[in-house]
Protein chains: 2
Amino acid sequence: MTSSTLKASPLRLSTASASFEADFKARLHWSADADAAIEQRVADILTDVQQRGDAAVLDYTRRFDGLQAASMTALELSQADFKEAFDSLPAVQREALQNAAARIRSYHEAQKKASGESWSYRDADGTLLGQKVTPLDRVGIYVPGGKAAYPSSLLMNAIPAHVAGVGEIIMVVPTPAKGSVATGGAGGDASAQGERNVLVLAAAYVAGVTRAFTIGGAQAVAALAYGTATVPAVDKITGPGNAYVAAAKRRVFGTVGIDMIAGPSEILVLADGSTRPDWIAMDLFSQAEHDELAQSILLCPDADYIERVQQEIDRLLPTMPRAEIIAASLNGRGALIHTRSMEEACAISNRIAPEHLEVSSSEPHRWEPLLKHAGAIFLGAYTSESLGDYCAGPNHVLPTSSTARFSSPLGVYDFQKRSSLIEVSHAGAQVLGPIAVTLAEGEGLQAHAEAARMRLGGV
Amino acid sequence: MTSSTLKASPLRLSTASASFEADFKARLHWSADADAAIEQRVADILTDVQQRGDAAVLDYTRRFDGLQAASMTALELSQADFKEAFDSLPAVQREALQNAAARIRSYHEAQKKASGESWSYRDADGTLLGQKVTPLDRVGIYVPGGKAAYPSSLLMNAIPAHVAGVGEIIMVVPTPAKGSVATGGAGGDASAQGERNVLVLAAAYVAGVTRAFTIGGAQAVAALAYGTATVPAVDKITGPGNAYVAAAKRRVFGTVGIDMIAGPSEILVLADGSTRPDWIAMDLFSQAEHDELAQSILLCPDADYIERVQQEIDRLLPTMPRAEIIAASLNGRGALIHTRSMEEACAISNRIAPEHLEVSSSEPHRWEPLLKHAGAIFLGAYTSESLGDYCAGPNHVLPTSSTARFSSPLGVYDFQKRSSLIEVSHAGAQVLGPIAVTLAEGEGLQAHAEAARMRLGGV
């Protein structure tokens, strides 16, 4: 299809329509059906890496990425590699990475101060109660290889870990050879070094990655979770990946922590009609260009305005390099929804619990308190999602697929854990003891009761 | 075996021994191997409940719990049932529940204030950045039925949810009929009402549960995750359960949030020899009495003291109603480890990352800073784990099986989620725009770049 005949026509819905509920649910529906074949292959890879370590990782890296490395050492990147990549960039890119990193760091430092510090108090009996907040020792960050390698994602994963105080950040990033299975080939044209993304390596320099390996897929997740002779075992694995990586992360959860299993990316725009419609069209595009399954939805009480946004979509689409992906996404999963009011639009937004929520209104603070569930809320016409994605400061790793109902953006708290602190004084033991004895006996746990009873009486 | 011949002899290890590393690792080893048969049965139950709703839940409740209920309504408990249970208790039990609840509430209110409030700031360009913290709308709490029904667990799950501001707390608790499959029978002696635990119902009254259903197993998890005509769908499911419940929670993760998949309970005692050895013996018992797989470990640099603790174990064991379970746990998984120093004991504790960590020392604050990974740290001789389990205030739902390396006690934060807030001013868009344009173009995302570029220029 030529770009001149490409059309992007998001589904038009109206909350006043009798079929709205059914149409709305059908458009929202998305399910990541588990693929039994992928599940089995991933299970086998995990077991193999757990048993054979480096040798298994090397085998899979040969087979899938076409890298003929003699040892894991050949697959390790050095700090010099990172610096060389950074130095090779034009000044404008170096500065953009550094400025973005500085803003992300500053935001996450504020986050740590607001919600990530240890605390304690003593009650009237002198009993100390609190929580000690400490960083994880070592985390692994998965960075997808090839075209979907996003340096910004590396900053968004590594910087909160740094701010939390994580001691070691281990990056894995596949660098498949041209013609390898990973790049859609049959395995020919193989060498020891695959295609490295210079921006990702430069971002590793800016973010401060401790060690990095050019491995990917389930074998990289396994190496990080179980450790091998070369790859150190980590405490938590974060970062996006394909279906194999997602399945592997789900399976190693418990042995290590994981961040989340992300679904397709989504934007929901609440518009009162005061923003230039071409800005809204482009914001919908900026989500749709990620991939065909991405979802862009506009909610607006002004039918004429929705029409103008559609006109801007028609006008701007041919100018976009990724027009085909945008059209596929908007036609397959997009929606322009006419609501009775902004209040109703807010209520529908809460049902969706979107990953990105733009409140493109002249009075965003009027609507913000009505919005209960969203990964990130972008207030006002100047706050395009893309500014938030790259450099405003907040994290762009956000809960997708309605999981904002119960989960949060990636943050410093994902790289910290808490230990309760309890110090019962002699006086406190006299007050608490009888309560514990009664409850423990009610549960039939006599040793619990006796341990409390022993602490009763004189010093 | 009669109680007079029962012996509890935890494995004796010394860090000075050449075989220490191997012996230590062997004793720590525990793995929850997935049972393929359970996995398949749980998958089938989840699908069935998702498709047939109440009818499927009723079928499984008949089959497994032996309850011949005509409708889900017959399986719902009322607020009057809770109050009746509470009123039926002796005053000492009523007061113990209320005192424990008040202390747990007070601690979690402090926790919310310290780490669970919304925050925001404006940077030099007038850009607003922050996070809005909001409660989950509705959560489900699984409470195991029968003998292992612990009212204290209900308090520990429901009260943090309340403090977080969760609107509805839905409890499920199986009440299997005598002779049912769940109680080890063949399904006979069935009736519409099974065995209810009065203390659990009374705790539901004290904690403020919104609605409750006498259902359990994978079918209860499915009802909460997907919702049925009668059981409302929740946003997160917390609370312990058997292998079926654990498998079901793991499978519905993503549709809803879950807390954690708990392994066997553990205590690690760091002792400098200053605490009465009978207190330590009883603290080890209080973990061991939970079940045969529970793990109790003592680390101490004083060999004579370890001997005295063993003598107290021998003396006290015959007095314990659950002596057989305690002996099985201590013999199978317990350890008394002689260390070179308290410093070494702290280092070993960090490797274990125990669920419960008692620092039974005359100078607990000397050692606390060395302790990096633990669910809860109990400082000083008066702080028996049992006081913390029931009523000191901190939560007793803690990370097991070394997961304290990356996870935290259940808390108010488990019933809240965060939404990033971003409001870029016109001035801010001029600063952020060029950075976003450069990074977006580097990633090949032209719509992202264009959305930022459109916001450049005059108001």
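Any Cβ shown, glycine's included, is placed from N, Cα and C.
Database features (TrEMBL):
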- B:Y142, B:Q219, B:N242: NAD(+) binding site (BINDING)
- B:S265, B:Q287, B:H290, B:H356, B:D389, B:E443, B:H448: substrate binding site (BINDING)
- B:Q287, B:H290, B:D389, B:H448: Zn(2+) binding site (BINDING)
- B:E355: active site, proton acceptor (ACT_SITE)
- B:H356: active site, proton acceptor (ACT_SITE)
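Overlay of TrEMBL annotations on the structure.
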{"residue": "B:Y142", "record": "NAD(+) binding site", "Cβ neighbours (10 Å)": "29"}
{"residue": "B:N242", "record": "NAD(+) binding site", "Cβ neighbours (10 Å)": "16"}
{"residue": "B:S265", "record": "substrate binding site", "Cβ neighbours (10 Å)": "26"}
{"residue": "B:Q287", "record": "substrate binding site", "Cβ neighbours (10 Å)": "33"}
{"residue": "B:H290", "record": "substrate binding site", "Cβ neighbours (10 Å)": "22"}
{"residue": "B:E355", "record": "active site, proton acceptor", "Cβ neighbours (10 Å)": "29"}
{"residue": "B:H356", "record": "substrate binding site", "Cβ neighbours (10 Å)": "26"}
{"residue": "B:D389", "record": "substrate binding site", "Cβ neighbours (10 Å)": "31"}
{"residue": "B:E443", "record": "substrate binding site", "Cβ neighbours (10 Å)": "21"}
{"residue": "B:H448", "record": "substrate binding site", "Cβ neighbours (10 Å)": "29"}
**Prompt:** Chain A sits near which of the binding-site residues B:Y142, B:S265, B:H448, counting only a Cβ gap under 8 Å?
**Reply:** B:H448
**Item:** Cβ neighbours of B:Q219 (NAD(+) binding site) where a neighbour is any other Cβ within 10 Å
**Value:** 28
**Message:** Check the DSSP secondary structure of B:E355 (active site, proton acceptor), expressed as helix, strand or coil.
**Reply:** coil
**Complete:** Integer Å value for the Cα distance linking B:S265 (substrate binding site) with B:E355 (active site, proton acceptor) is 7
**Complete:** In the three-state DSSP scheme, B:Q219 (NAD(+) binding site) belongs to helix
**Complete:** What remains of the recorded positions B:Q287, B:E355, B:D389 once a 10 Å Cα-Cα cut-off to B:Q219 (NAD(+) binding site) is applied is none
**Message:** How many Å separate the two farthest-apart Cα atoms among the NAD(+)-binding residues B:Y142, B:Q219, B:N242?
**Reply:** 13
**Message:** When you rank B:Y142, B:N242, B:E355 by Cα distance to B:D389 (substrate binding site), which of the recorded positions ends up on top as the closest?
**Reply:** B:E355
